[in-house]
């Protein structure tokens, strides 16, 4: 009996001491449009202070470019925070990982001067794996869609969709499987390949070669792998820490809320942070939305404010609007506040970063989409149905251009009055404060407002 009472909480009826029971909060950075908003820059800015920088969803279909000391780094799977030598970067369970891609990316950036990244990276043991054949299948599916429907989705062909399909079909393989009994893993891998070959008879896979490579990757990966849920719990409930979560893709590409079917296969809205890292909603702190000062979209799908004219071309060339992952030209158009309001409804942004304002410097007038109309009537929501979205008519507000180079601006007062009123209008219309305004590529070009 003596033994038992030792482990019981102190005298019955006494309350457990509650220190701030929720623990540390995580700061989240999410795309508020169709991706490519410049999230990498915002993350990079916040990562200099962060102790842990996490990715929670997507895979190497993401592309974040970060410029530091004149060096340009491209990240696809690695959190952009990997540059911060004092922080830990974490790839969460919601991310799908292509191991050849991960190591190739690390090695490539190492040649550019990124040192010791393997020591700073932690990978969740519950993350699913993307295999080379998933990538092949991605290409086959796109070809098939094109043949059947005359249009594809415009995926990055990185195997992301097929890997999430394997996950949802409960036939996927995870990091913990790869690091477990390799014979068991091999059997399951062969079954998975067989499964895909029955769907795609033209798919050829050199199973033995793949397994040999995977065995090598497993040993290189092993030191980085942790139980992600436990790791995050300890991080949230230990000493004060700055934890940053970097979203990939964006609200309008979310599998549930995006312009389906022209979306990605994961939740790139705030819910994906909880499920992709195994953390409670209570621990979500600031949620920063990132938006360009105009709108872009890669691939196909509805795009109400698209400008298929000189304006669109100007934005495309001035903004160097080409996909980091695919090299595809991005479609360009005016800023769409219907989209931003919709992204805010889902994510509850505490502030917004508005990037690439300088791209608008040369325009005589600048338009902003403020509402959608269907047969002359305003609709209050963002349509789920793509046919309807193709039909909406956009109502615009027109602003005079400032016709001044803003790229040297470093504080609010350096911006021309017309640019200031453009920013204030956006802020008031969405009902979210704008915390940063970006006027160029490097770190110094983010004007912090408060």
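Cβ coordinates are placed from backbone N, Cα and C, and glycine is handled just like the others.
Worth saying up front: this structure is predicted, and the values here are computed from it rather than measured.
Its own atom aside, the Cβ of residue 65 (GTP binding site) has 16 Cβ atoms within 10 angstroms in the protein chains shown. Under the heading GTP binding site, TrEMBL lists 35-41, 63-65, 330, 356-358, 438-440.
Among the features that TrEMBL reports, active site, proton acceptor is placed at 36. Counted within 10 Å of its Cβ, the other Cβ atoms near residue 36 (active site, proton acceptor) come to 28, all protein chains included.
Applying an 8 A CB threshold to same-chain residues 6+ apart, the list for residue 249 (IMP binding site) reads 31, 35, 57, 58, 61, 62, 264, 266, 268. Taken from TrEMBL, the feature IMP binding site covers 36, 37, 38, 39, 61, 62, 63, 64, 156, 170, 249, 264, 328.
Look at TrEMBL and you will find 36, 63 tagged as Mg(2+) binding site. A 10 Å cutoff on Cβ-Cβ distances gives residue 63 (IMP binding site) a total of 19 other Cβ atoms nearby, all chains included.
Sequence-distant contacts of residue 64 (active site, proton donor), defined by Cβ-Cβ distance under 8 angstroms and a gap of at least six in the same chain, are 39, 40, 43, 74, 75, 76, 80, 246, 248, 324. The annotation active site, proton donor is assigned in TrEMBL to 64.
Under 8 Å, Cβ to Cβ, and six or more positions away along its own chain, residue 167 (active site) finds 96, 128. Among the features that TrEMBL reports, active site is placed at 167.
Around the Cβ of residue 327 (substrate binding site), a 10 Å sphere holds 8 further Cβ atoms from the protein chains shown. Residues annotated as substrate binding site in TrEMBL: 324, 325, 326, 327, 328, 329, 330.
Residue annotation for IMP gives 36, 37, 38, 39, 61, 62, 63, 64, 156, 170, 249, 264, 328. The furthest Cα pair among them is separated by 34 Å. For residue 330 (substrate binding site), the nearest neighbour among the listed recorded positions (36, 38, 41, 65, 357), judged by C-alpha distance, is 36.
Cα to Cα, residue 329 (substrate binding site) and residue 36 (active site, proton acceptor) are separated by 12 Å. Inclusion criterion for the recorded positions 36, 38, 41, 65, 439: a C-alpha placed within 10 angstroms of the C-alpha of residue 327 (substrate binding site); this criterion is met by none of them. When the Cα of residue 38 (GTP binding site) is compared against those of the binding-site residues 63, 326, 328, the shortest separation belongs to 63.
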